[in-house]
Amino acid sequence: MKKKKIAQVPFRLNILFFVVFLLFSALILRLGVVQIVYGEDYRKEVERTEDEIVNTPVPRGKIYDRFHRVIVDNIPENAITYTRSKTTTPEDTLKVARKLAKYIDKPVDKVTERDMKDYWILTRKEKAEKKVSKKERKEFEKQGLSQKEIDKKIYELTLKRITPEDLREITKEELEIIAIKHEMDSGYALTPQIVKNNGVTNREYAVVSEHLEELPGVSATTDWKRHYVYENTFRSVLGNITEDDEGVPRERLDYFLARDYSRNDRVGKSYLEAQFEDVLHGKKAKIRNIVDKSGNVIATEKVYDGERGKDLVLTIDVELQQRVEKIIEEEIMATKRKGNSPLLDRAFVVMMNPKTGEVLSMAGKLLTKGEDGKTQFVDFAIGNITSAYAMGSAVKGATVLTGFQTGVLHPNTYIVDEPLYIKGTPRKKSWQTMGTINELTALQRSSNVYMFKTAIAIGGGKYRPHRSLKINPEAFTTIRKYFAQFGLGVKTGIDLPNELGGFQGKETGAGKLLDLSIGQYDMYTPLQMAQYVSTIANGGYRMKPQIIKEIRKPTDDAKELGPVIQRFEPVVLNRIDMKTEYIKRVQEGFRRVMQTPKGTAYAYFSGAPYKPAGKTGTAEAFYDGPIQSRRNDPTYNLTLVGYAPYDNPEVSFAVVVPWATQGNSDGINNRIGRRILDTYFELKAERAKGNVTNDATTTDAATNAEANE
Amino acid sequence: MGQDRLSQSKLDYNLLFILFLMAIVSAIAIHSAEATLPEKLQHVNFAYKQLQWYAIGAVVIALTMIIDYDRFFQIAWYLYGFGMLLLLGLELNVPGTVTNKGATSWYKLPGGNFQPSELMKIFMIIVLSRIIVNHREKYPEPTMKDDFRLLGKIALTVLPPLILLAKQPDLGMSMVFVAITGSLVLVSGIRWRIIFGIVFSVLMILAILVFIFFQFPNFFHKYILEDYQLNRFYGWLAPYEYSNEQGFQLIRSLLAIGSGELYGKGFGNLQVYLPEAHTDFIFGVISEQFGFIGASIVISLFFLLVYRMVHIALESNDLYGSYLCAGVIGMITFQVFQNIGMTIGLLPITGLPLPFISYGGSSLATYMLAIGLVLNVHSRTKKFMFSSDE
């Protein structure tokens, strides 16, 4: 026996040992593959999945006026949020929702049928199971689908088969649970989702805070609500942000997701809020979630504190803005009371610094029927850039300058103002026949015929009474080209979306060319008018209208502003290619309009201490407003552009009152013009006395512009 | 001189030193895994308890060594009967059994749950070794027929407990039994032809099963493996497509081990949550913290352990002693290979702990019992030599 053992057993034992060796080698080999060959991949994946970095929202930047008064603020409000982990099951959320429903009230209006069905399946498992028979389940299995696909198909089938009767089982209390669950489910895992932020009472807030232990994922925190301090004032330009259940606009989803936004972030959706989204939007706080074995968040650690959005300082003087808006409202009502202005429903004022392009006030008011049926004013400041009207004689300064530049006029050119009889068009004349006049008088008294004859000359035509008039259609292009140098008919370049460039007439008949020369053919926006008059006021520099003065770093201190990050310097869009003496002539003409008897605005501006200059306009227009039945009714647009003081302008303005009257001259444009200039200089005097600290740095545009050349 | 050799060789200090190192590795690994355990287990100091179990294990070794292993030879069948009774009790669900995750494998004892199949492994080694020794004595010059007769005896002894285990169900433990049997059959001296024949048939059967699976899936699902059993294979072969429990565990385990890379993340740096971190997936905890180097050291420790046991088996001039060692080698090797293999995707996931390292009182006690057997064989070896020289 022993002999046998020596011969055989040790050999077999060695074989056994060899097998052991092979097996352990296989382990080491495989371990090497996992840890050394693919180790880096695994490490990267771990870094990706285990330390979840989450962004939490920070308040948006505030918006200030030029004297640092807050226009748009953030108000903290109580909010209940819920953060789902990656492994949270629908049952878990349901449990939390049930408990939460006991502590808070939640409106149920957002509950969808699908929400109810999901809830029904979740809470009535046995009944739901019966909706799809065993046989049908077997069928699915036979199709060779994966378990996931089968489950999905069964779920869809169950959803389809839930009847309205089934859903009627859901009680009112349950509906509230569904509403809460709806909010909880809508976010992404590990991203706080607001369950309720509107009208969370202090009691609700306290009770939820007390019971956080039994509400995993829920926290009672602070949310920020946008607050527009001056309510309606300038409201339409400030724009809006999306609601939290609206989130990022779907059509720009990719744009935002690429920029570290979450789907449920509130973003600017119109005008200033939208235009400066990347400024106002803060840098989110980054929080690292440490996830335990079942995927629950066991600890969070702050990686980056986040930063409130940057602040915008506007060029707007909100006090001036408020007063201007009040003036517009009062004057509209005053004119309407006279009873001859059924179509009048809006008026616009733009005031800017002609040297820098800074917009000091941009007001628009629209009279509309509110929900309660009463007529009321709503803010329509944005209409200054989004709507265009026939501006009438106010554009004549541009016409005269075009005449100079094309060589058909020279300083002190005399032309006979007489009614024009052109075959095929109605008689064309000025509001009174003025005889032989030069361009200064033509502007002062607003001669149409002077402009007509200039336009005819530009078009290479020859006026012969009662004959048809032939002009070169190129004249339209020529005039529009020169008008555009003042900003008429082109975008002003203001930093706001949806700016309108105006409207051009399509016909090219001689009559239309004459209309064009007196501002009754193409349509311009009120802001274009302001830019145009500023260009004349500052001696020929077309300034970009600035609405933003500075971007400032946010501070925690509510009283102080952070340091300036970016200052918006004046931008000269173009220098009109005309001789300075030509512009001086037009400036003189404008001065005479307001400061000399016979000037069309003299009655309103005589005695104004600030030496204004400007040009009135009355356009024969056709109604194009909201009252359908009156569309295309003839009416008058009243306009006024100007600046003051005429020799060193610090403010320029445009007043536009579309569809102001049905015939009688009214003067609303001049009344508004006089009052806003008075207000401007009153405010200036008050400030000089130290009522408001004016730290606005007035840069001299002319020097700047020259430096730019 | 003989007296000196006796006193020197009574205990195998090499083996004991390896065990000592294992205890240290185990305590460190379990301690580091504690932080990642679920909350209800947070207050338990598992590392300390494991060391306590090691102390108890030392007593077990001492007790095993008191009796000459020849006594085990004599009572082998009583032990086998006792073990079978315990397994039958589980099968019949007598009071006191515990069912966990669908498997009825435990008895409730005051000190915790007790798994009779652990004991049965040792009894199996003892009884199979006796069968082989008896057979060899009866047929010193075995014919082919004798070899088959021996195989038949072994099969008849192994099958009853194997069937009971499979019914619990406990796939991992059943495979351990097969491994023990296999290693004993290998060293029993049965002709190579037969062994190769068995290996070949097993391979053939596997091939046929795979063929049926792909060609006649319906038949396969109906008569061969249930879906949940198949899921184990899906989870193993394609963990990313089949996000069942096994797949999930494998992915976590691969992440933990792989991200450890060559040098590991350092003690206490566990980023990846592992299920059963302190028991079945303790190897993942080690590999993540100590990297390829640390993991290789642990594997080498096991290899040294086995090497030492092979050495003892070779030294022994008693057939019974050699067979006992071979059985223990088969058992430990398979468990190590299975446990580590499943954490790195080499084998499907089963609930087998890593010997000596994983936390668990009854399994540690069993391994200590097995070590006790081997040490026993070692300590008596010299004595026999001494007496035979006389």
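Cβ coordinates come from backbone N, Cα and C, glycine included.
Caution: TrEMBL annotation is automatic and unverified by curators.
Per TrEMBL, transmembrane segment is recorded for B:12-31, B:51-69, B:76-94, B:171-187, B:194-216, B:281-307, B:319-337, B:357-377.
Under the criterion of 3 or more C-beta pairs below 8 Å, with sequence separation of 6 or more, the transmembrane segment (B:281-307) and the transmembrane segment (B:171-187) do not qualify as touching, having fewer than 3 such pairs. Three or more CB pairs closer than 8 A are found between the transmembrane segment (B:357-377) and the transmembrane segment (B:51-69), so contact between the two stretches is assigned (pairs 6 or more residues apart).
Long-range contacts of the transmembrane segment (B:76-94) within its own chain (CB-CB distance under 8 A, at least 6 residues past either end) are made by residues 104-107, 116-117, 119-120, 123-124, 126-127, 129-130, 157, 160-161, 164-165, 167-168.
Within the same chain, residues 69-70, 72-73, 121, 124-126, 128-130, 132-133, 136, 175-176, 179-184, 186-188, 299, 302, 305-306, 309-310, 312-313, 347, 352-355, 367, 370-371, 373-374, 377, 380-381 sit at least 6 positions outside the transmembrane segment (B:319-337) and bring their C-beta atoms closer than 8 Å to a C-beta of that stretch.
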